[in-house]
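The following features are taken from TrEMBL:
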REPEAT    110-140  repeat 'PPR'
REPEAT    141-175  repeat 'PPR'
REPEAT    241-275  repeat 'PPR'
REPEAT    342-376  repeat 'PPR'
REPEAT    443-477  repeat 'PPR'
REPEAT    513-543  repeat 'PPR'
REPEAT    544-578  repeat 'PPR'
Amino acid sequence: MLSPALPSVYLSLVHNPALLTPQLHIAPLSKTANKKRLGFCRLSGKEAALSGNRVGSDNFEHPDEGCCGGESVSGLSDGEELVRGLQSSSRLREVRKLHSAILKVFGYSNVYVVNNLVSAYLKYGKLVDARKLFDEMPEPNVVTWTALINGCLGLGYETEAFQLFGDFLETGIRPNAKTYVCALNLCGRRADLALGRQIHARVVKGSWRSLIVNSAVVNFYAQSGELSCAFSSFDEMVEKDVICWTTIISACARQGRGEEAFDMFSQMLAGGFSPNEFTVCSVLKACGEERALRLGRQLHGALVKKIYQDDVFVGTSLVGMYSKCGQIEDSRRAFNAMRKRNTVTWTSIIAGYARKGFGHEAISLFRVMKRRNIFGNDLTIVSTLRACGSVEALLTGKEVHAQIVKNSLQRNTYIGSTLVWFYCKCGEYETGFTVLQQMPERDAVSWTAMISGCANLGHEPEALEFLKEMLGEGVEPNPFTYSSALKACANLEAIHQGKLIHSSLNKTPAVSNVFVGSALINMYAKCGYMTEALRVFDSMPERNLVSWKAMIVACARSGLCREALQLLYRMQKEGIGVDEYIVTAVLSACGDIEWEENPVESCVQSS
């Protein structure tokens, strides 16, 4: 979909597609025109301060003749010395000294030297200085444009990078491979599938395919969520390296396709490629999502301990993998073994403890994190609130809430929803409602937190009232919303409202959800409508232990002992384990029947 505010890039490509072809080389606009047209990128004071973050950047260490604006490198003996100084500089102060020397010797006329000066400033994240140089250059060339676009992108100024790329196209300067790579990275970051496809088409048409460009194409499709296109582009690559293998493995891991990530990793190893730290992190992520503990342990022993022992990102991935696989002790050992930890490391271990129900341990780690002045992210806050809710640590949760307000994070929908859940979990549903009211945007998750909280606390009428408000705001309930509302109806024995919810459910995909089905069975059974409960049970496309338990126990408690026992045998026949709770519930409600745990054939025997 085209961005209404920034149509120039698309219009340039649609009306003049030759702008991205290698054959066309129109002279760039004048210095005055450049300055007038490119004034957008002058940063505010706050933005200038932010641009001090150091980011990686291509240094264009060996530009070819075209990259040097046609000027012979051999004629730049003094310039070569200055360029070597720029490329070997280890401090920003050295770059500024060399800047002064360059101005005295060349001014802004030597494109080759100034390009390296632009790249040196971008290496230290000084986008404002780089931009000033760009504005002073009489005729920036493709290296200058590409370096500045990449600098904006690296510092998070995606809108400015996008506009700058549009202006570059209008100059008619011939793009090089790095320009295409940068443009594809920009489109991937923005999930701009339309423009990225056009650039890909120009890469193919202009015979710009190379290892680095092809890898950027794969990465673009992966970032845009088009995994099938990423695979197609990957399969078409004649030459592959560890970077493109890692790109496709990482894409599979991000999109929850762990088995494919493992398969690609296996192919990569079979091809003789050694994984780098990013490959290992991606495979460990897939191991955590797929609960592939065995492979995770193998990676830990074969690669991490021997090669990447001190890598903070690999260590963090290990902590996350073990915690997601339910091995919290192994996760803690991996955490303790790390010499360096970052915010993500701390968040992973806190989230792991919170998921396993070890709220006090998670809270303790959060306090250590605070004492060491390690700033948390949104997920740290959410995980800590989850831990507080699991052990009803109201005071600690309120401390976290105070920090959220202090840091102006209460507008975050994810954090706000977790706060609502936390207060309801601690029995403070009125405070939870206040948080809900103060949220600028309320989604299905935040409303469901309120509805389920009320239903669990015995405030069923309020839960149903919140459901009405949610629908009034035009928010579509999710399966958990429906399950919570049906629970409230069951507790109230409000069959009329329950039937209305069931009617609404029939118009949505949620009706086939196993948890919603179980909630419907429970609602009808508690209201005494066993025929409807059985009808819902028989119409369910899939059933789990919860739905079987709900139906069997409902039959037994309603005096339908024969039906309950038939369901028990049916459940056993379908290969679902019959637990002691179900058997005990049936036998206690129907004392005059006999249950054969391993019957020769399904039957009902009455005494």
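Cβ atoms are placed via backbone N, Cα and C, with glycine included.
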Secondary structure content of the repeat 'PPR' (544-578), with strand meaning DSSP E or B: 26 helix, 0 strand, 9 coil
Other parts of the chain folded back onto the repeat 'PPR' (241-275), taken as Cβ under 8 Å at six or more residues beyond its ends: 211, 214-215, 218-219, 222-223, 225, 227, 230-231, 234, 282-283, 285-287, 289-290, 292, 295, 303
Model confidence over the repeat 'PPR' (342-376), averaged pLDDT: 95
